[in-house]
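Lifted from TrEMBL, the feature list:
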TRANSMEM  E:6-27  transmembrane segment
TRANSMEM  E:72-91  transmembrane segment
TRANSMEM  E:134-156  transmembrane segment
TRANSMEM  E:176-196  transmembrane segment
TRANSMEM  E:228-247  transmembrane segment
TRANSMEM  E:253-271  transmembrane segment
TRANSMEM  E:283-304  transmembrane segment
Amino acid sequence: MTLMTLLLLAAALIGIGLYGALSQQSFVMLMMGLELMLNGVMLAAVAFWAFSGAGTPEGQLLTIIVMAVMAIEMAMGFALVVAVFRAKQADMTEALSELKH
Amino acid sequence: MELLTLLVILLLSLGAGLAVQWWPMRRQPLPSYPQRAPFLGGGLPDTHAWSRYHVRYYPMTLLLIAFEMEMMFMYPWAVVYVEKGMMAVMEMGMFLAILSVGIVYAWREGVFHWQ
Amino acid sequence: MHGEAVLRQLALAPGIERVDSPRHASVLLVAGGIPPYLHEELRRVHDQLPQPCATLWFRSEPLLGLESATRIDELDDLPRALIVLHRELMSGRRGSSPRLLPDQPPNPWEGLGDFGQGGEGMMGGTPYGRPMAMNMHDDIRDGLTLDSLTFRLGPFFPALPPGMKAEITLQGDLIQTWSTQLVPYPVSLDAVFLDALQRPVPIAELELARAREHLHRLFHGLRLAGLERLGRQALQLANTLTLDSRVDGLRRRLVRCGFFRLSLSGRGRLTEEQARKIGGFAARATGLDDDLRSEDAHYRRLGFTPVTQAAGDTRARWQQTLAEIEQSLVLAKQAVGQDLHTSETGSVETPHGPWTDRRPEDASRLLGDLLPGLEWGEALATIASLDLAAVSEWPLEAWAAAPRVASHEARRA
Amino acid sequence: MSHGIGVDISFFLLAALAVYTGWRVFCTDSMVRASFFLLLSFIAVGAIMILLTAEYLGVAMFFMMAVEMMVMALFMVMFMMNPAGLNPMKMVHQERAAIVAGVIAFTVLSAVAVFSGFPDAPLPAKHAPVVSLGLEMLGDSMLIFESAAIVLLATMIGVVVLSSHRGRYGAADVGSMPPGLAPDGEPAGQPQNEDEDDDEGGGHAHHH
Amino acid sequence: MIWRELILPVIVVLAALGIGAYVVAVLDRLIAGTLGMPQTGSAWQAPLARGAWLLTQTANATEAPDWRAWRLAPALYLALAATGLAVVPWSETLVATDLATSVVLWGSVEALATVVIFLHGWSANALFALIGAYRYVALGLSYILVSMFVLIGVALPAESLQFTQVVVSQAELWNVIRQPLGLPLLLIVGLGMTFWGPLNLADSADLAGGTASEVSGPPRLVWDLARAAMLVAFSGVAASAFLGGWLGPWLPGPLWLVLKMLAVLAMLLLLGRLLPRLPPERCVILMWVVLLPLAFVDLVWAGAAAL
């Protein structure tokens, strides 16, 4: 367990998350991709904190803030999904662009 | 060492839970289709139960996701509370007061009722 | 009533546990004859018991294929017979009951789709023998139109009145539609109510029988609400009901444990028209003061006025039930002092509604209007607080023609 | 930072678990399974954090993510056709591009990880991460902490406005007009056909 | 070293879990008997006979369950109970997992329990099990906040998130007196976690057994066992957080803890027998509108007492 292996793991998680976020048609699945990316980001933040941050509390705080971003993203995302579904009876990303017409 | 102990306990209990199910069941044939139909007091369903289930409390769950974040801040706060004294009281008081506004607003909007 | 009487007997018997799902049972008890049109449903329930299982037929003819099953006719032998059956099953002395239905999926499905699933596309076909749930109804509460589930429940569902079968559509846990397909079995009354139609009967006897009926209903309602212990107390009170019995203790316990305030909701409100149709205590809980007893001169002499509640919901009906039990006990005590008999014949206020020229009729069709929009638990609590079944023309003691119920019993050491 | 061989083995097992479950999220048919695979991925990462002596963050990750993924599962089932994957399906678009993007992201980030030199400043031998976090929050980062409260409050209100159909004044989308999801788009949360809301009894009228 | 830190704690936790689950079953029968429910035979044998019967019964299946999740859920619930009990200190030194954040670890056990119970109901692919699962999530997501506020309340005087510190901080005065609102609130959470009695939304009678309605035989045995084990784990946590854990005169520490756990268990089982089941909607409103503000009050109280 070194900084490099940890960052490689984080990179792998971000890569998979990016694939998911780009490829999934459904809103909710898309959000799962984002979550997975943030998972990698949090791991990287903690890894830096442990190996090159000399244990400064800001490193931990950064992770907490990423977690908060995640929570907010999820809450707002789902609220939007509900609102869009109510309007369009669909949860596809394509439905968003259709809203213009 | 503590983590190892936890791991051992976790694996042993999980293994025991699975073994108690698997051991007596390893030779049992799959039950007949009529037995596998869901119990409805003699009635039958039209469809599978798995469906786009209308969760009647979904606004509450969204509220929870946002409100629960406050826990992340509260645990470290609890540890230094006595050390910091009044300052900790003030800051957390403000923090919780702001968030309580959200809960009260949500309650007044009827979020906790079944939609 | 036959099946209900069996249930009450077993509720007080030690060593027997009544379970809510056949999956938890080892012995299926069939009490009373089952009409042929319900045999298919009975076979289904029978086959849902996990093996090893056994059946016990109480005053009932075992189904075709179950000839070796035990049959008994004496109510008092029942608990013993159940315990023996369970013990034999456990020790392996008795083989399991055979399966009655052919082992076939409800619909053919094997390997129609590209991946061996049941059908084409995302929602088509019958994977594993059943179609997928579909979006059938617009939602009735909020605007999200999601899938709805349609199924038929009963006639042997423990939380419904025995014999009742309904086709129900749920969205989430909210009832969208409810249509009663089979009405519950008619209930038999204590013989004194039928006597009262012919000749004057002692008011004390009539009122005690009424209180007993209400207590029996309370037993079922409390069991559904998770208050098994208080339900049993209500039942014991009913069994030992005398002129000096009091329900204060029961009422106090019910209030203290929060039965009225926590467990019951203000839902299931009857309109005046619905209340009139159901009649009896449900109507009085809706604020109507219809009661045949107020037309009886001797009741008037006892100072009888109907008790009523205004709200007309589930909570009001249980409060009304308790109030009527109390009132009946008071009336009985006063009447026995003056040795009063009923003055009117040809009509009687039964615990299930007024019986003038016709018996109280079945009201379960009303549920179609009453239940949609209610959450599942609220709907069942509403049904338990109502008294929907028709009244049978035979009194309680006439076993031969009595209705029946199937219930599953698991006996545990 | 020194650690034993046991920590290394656990790390590699947990890393494998995190990547495997992360990958399974996007190739399972059942939505509930997908959410809980993601939860497993989070739990594995949380356990790695505990191995890194970030005990608080790791354990907090368990409970935060358990709740979030539970809600995720609820919404997945609510809004996805065929939520249990009884009929197998694949609902993706621009998959090739997405794979390429994912691989590029991984390569670039790993290259950064492998080739750049990061300062080597390990954790002090004796440190109390939770206490230092608490002191930081009440000290220098107080503003971050309090502004988090404001942001969360805004989220809560936004969530209620957007998702709730009926508020105390009747339908939420009758009284208020949420902003459009796209520039010049029609307001979000507005039902297409108005008669859906007729039974609400004209929530607008009570608005004061 | 290995013995003291690894083998002994593992044996203690697993034995406590197994024996505790059995004691829960016995205690529940004894309480039912005291309340006037009919009982035959010995309350000590009945749970064993029931276990033997469930082992001989065949396991049920449904038409298309999520097999792995369905079989895994009871075992996972048991494992969560074991994890919960692992953080409970039996004495100053005898504790399986004395993490610096063991209070938070218990919080995640609560959150994960919701996931596992949902999975148990969902994976059966049957109507009543599904409704039970969804009902439980409404409850599980509501009680978690109450529980966390209450547990943060006990962490304040201890200045630590470690259960050993929480117990040590009660040397002078138990938290049950110092924070009188805390224990009742936590007991409600305990009823919720194990969906016992009034908060039995998952496996209720109106759903013909809810998430367990389609389960029979060995999986049901594990499910019931896990539920009882979770009660034991919860009672251990409640006893450590509010009743001073191993602290007490004359007797050795672990024995004190056992006595206190028995007291909490008896209290929970009694509540379970005495109270009616709450409707799910009422439950959610109660948790958010009544109990959450009460938990706030408890926290303020704890804070004032700690300063």
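Positions of Cβ are set from backbone N, Cα and C atoms, glycine also.
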Paired segments the transmembrane segment (E:6-27) and the transmembrane segment (E:134-156) in contact, 3+ CB pairs under 8 A: no
Candidate ranges E:134-156, E:176-196, E:228-247, E:253-271, E:283-304 - greatest C-beta contact count to the transmembrane segment (E:72-91) (under 8 angstroms): E:228-247
Close approaches to the transmembrane segment (E:176-196) from elsewhere in its chain (Cβ under 8 angstroms; 6 or more beyond its ends): 110, 113, 117, 136, 139-140, 143, 146-147, 150-151, 153-154, 157, 170, 202-203, 227, 230-231, 234-235, 238, 241-243, 264, 267-269, 271-272, 291, 294-295, 297-298, 301-302, 305
Chain residues outside the transmembrane segment (E:134-156) and at least six past its termini with a C-beta under 8 angstroms from it: 103, 106-107, 110-111, 113-114, 117-118, 121, 166, 175, 179, 182, 185-186, 188-189, 192-193, 195, 199, 201-202, 204, 207, 210-211, 241-242, 280, 283-284, 287-288, 291-292, 294-296, 298-299, 301-303, 306
